[in-house]
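Participant: I have a structure here, written as structure tokens, and I will follow up with some questions on it.
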Amino acid sequence: MSKVLLAENAGFCFGVQRAVEEAIKIQKQYNKKIYTLGPLIHNNDVVNYLEENNIFAIDYNEIDQLEQDDVIVIRSHGVTKKVIEDLENRGLIVVNATCPYVTNIQKKVNKFSEKGYNIVILGDKKHPEVIGINGWCNDSAIITKDGSFDEKLPNKICVVSQTTEKQENWKNTVTNLSLKSKEVLAFNTICQATEVRQKSADNLSKIVDTMIVIGGRNSSNTTKLYEIAKKNCSNTIHIENAKELTKEFIESNKGKKVGITAGASTPDWIIKEVIDIMEGNN
Ligand code: SF4
């Protein structure tokens with residue numbers, strides 16, 4: 001049995017909770033198979049749960065398979081303006097469950113690009129949230145992964161951040177932009193949910209022997225929690241669910257202090273399973 005400490009803030013964030021609840025509500029309302037554009041969240045267990053409730057993910061390049069009046073839910077990451085227009089033009093019923101914080105970024109990018117600002121996004125250019133945001137300024141944004149810029153920068157810049165970025169990268173970005181460009185309008189759009197999770201993971205990982213970070217393998221906010229925890233606690237592991245806890249791991253942590261945190265797309269029931277196993281209740 002280990003002594004388990006759960007991070008003060010861990011698991012589902014407001015935007016993800018809202019998107020999942022919205023999809024379940026809409027499915028009940030239409031009482032038929034409904035779709036989400038891409039997996040609603042980065043968690044295989046939740047995806048399975050949604051499928052049991054007649055909610056299926058579909059890729060944008062498979063959209064021809066849908067018929068008029070089929071219902072499609074936009075996930076919390078959001079999409080480009082063009083994608084929404086295309087779905088509506090196809091006669092689909094579009095339910096936009098984009099997180100309001102992401103919608104706010106899209107609106108800013110749209111507004112300031114129309115006012116003649118060149119948009120810079122701090123984030124991962126392959127992440128759907130960043131691809132979506134870029135679509136609100138005609139895919140014209142300069143995207144930096146850590147605040148470094150190789151290219152010459154234009155003089156009028158509006159900069160925003162992917163919601164899951166680190167503050168450190170944001171500071172870097174603003175500092176470098178200020179040195180290289182004359183007018184910089186900066187909106188720190190890093191989400192509080194991400195920050196508080198990161199802070200809690202940082203605090204907890206300093207006082208435990210082992211850290212368990214729970215979340216999807218392809219979830220960027222979970223990966224960041226892992227990196228933060230690993231800096232303080234070399235014995236940090238990343239798992240998707242309780243099934244990945246090996247006997248050796250459980251045994252080797254008997255009597256030790258184990259900290260647990262979870263990414264924004266990890267539901268409570270998975271966190272509970274991991275706690276129960278590590279506490280020896282299972
Ligand atoms: S992490 Fe923040 S911005 Fe992203 S979905 Fe959750 S609440 Fe919204």
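Glycine residues also receive a Cβ, built from the backbone N, Cα and C atoms like all the rest.
According to TrEMBL, the record shows the following:
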BINDING   Cys13, Cys99, Cys191  [4Fe-4S] cluster binding site
BINDING   His42, His77, His127, Thr163, Ser219, Ser220, Asn221, Ser265  (2E)-4-hydroxy-3-methylbut-2-enyl diphosphate binding site
BINDING   His42, His77, His127, Ser219, Ser220, Asn221, Ser265  isopentenyl diphosphate binding site
BINDING   His42, His77, His127, Ser219, Ser220, Asn221, Ser265  dimethylallyl diphosphate binding site
ACT_SITE  Glu129  active site, proton donor
Participant: Between the Cα atoms of His42 ((2E)-4-hydroxy-3-methylbut-2-enyl diphosphate binding site) and Glu129 (active site, proton donor), find the distance and write it as a whole number of Å.
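Facilitator: Here the two Cα atoms are 13 Å apart.
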Participant: Measure from each Cβ of the binding-site residues Cys13, His77, Cys99, Thr163, Cys191 to the atoms of ligand 1 and list the residues where some distance is under 6 Å.
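Facilitator: If the test is a Cβ under 6 Å from any atom of ligand 1, the answer is Cys13, Cys99, Thr163, Cys191.
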Participant: Take the mean position of the Cβ atoms of His42, His77, His127, Thr163, Ser219, Ser220, Asn221, Ser265, the recorded (2E)-4-hydroxy-3-methylbut-2-enyl diphosphate site. Which other residues of that chain put their Cβ within 8 Å of it?
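Facilitator: Neighbours found: Glu129, Thr164, Thr222, Gly263, Ala264.
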Participant: The residue listed as 'active site, proton donor': which of the binding-site residues His77, Thr163, Cys191, Ser219, Ser220, Asn221 have a C-alpha within 10 angstroms of it?
Facilitator: His77, Thr163
Participant: An 8 Å radius from the center of the Cys13, Cys99, Cys191 Cβ atoms defines the neighbourhood of the [4Fe-4S] cluster site; name the other residues of that chain inside it, in order.
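Facilitator: Once Cys13, Cys99, Cys191 are set aside, the remaining close residues are Phe14, Gly15, Val16, Ser76, Tyr101, Val102, Thr163, Ala193, Thr194, Ala264.
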Participant: Among residues His42, His77, His127, Thr163, Ser219, Ser220, Asn221, Ser265 annotated as binding (2E)-4-hydroxy-3-methylbut-2-enyl diphosphate, what is the maximum Cα-Cα distance? Answer in Å.
Facilitator: 15
Participant: Which has the fewest other CB atoms in a 10 Å radius around its CB: Thr163, Asn221, the listed binding-site residues?
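Facilitator: Across Thr163, Asn221, these binding-site residues, the one with fewest Cβ atoms within 10 Å is Asn221.
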Participant: Around the Cβ of His42 ((2E)-4-hydroxy-3-methylbut-2-enyl diphosphate binding site), how many other Cβ atoms lie within 10 Å? Please give the count over every shown protein chain.
Facilitator: 25
Participant: Give me the CA-CA distance between Cys99 ([4Fe-4S] cluster binding site) and Ser265 ((2E)-4-hydroxy-3-methylbut-2-enyl diphosphate binding site), in Å, as a whole number.
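Facilitator: With the alpha carbons as reference points, the distance is 13 Å.
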Participant: Cα-Cα, whole number of Å: Ser219 ((2E)-4-hydroxy-3-methylbut-2-enyl diphosphate binding site) versus Cys191 ([4Fe-4S] cluster binding site)?
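Facilitator: Here the two Cα atoms are 15 Å apart.
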Participant: Using C-alpha atoms, which one of the binding-site residues His77, Thr163, Ser265 comes nearest to Cys13 ([4Fe-4S] cluster binding site)?
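Facilitator: Spatially nearest to Cys13 ([4Fe-4S] cluster binding site) by Cα position is Ser265.
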Participant: Can you tell which of Ser219, Ser220, Ser265 has the most other C-beta atoms within 10 Å, given these are the binding-site residues?
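Facilitator: Checking each of Ser219, Ser220, Ser265, the winner is Ser265.
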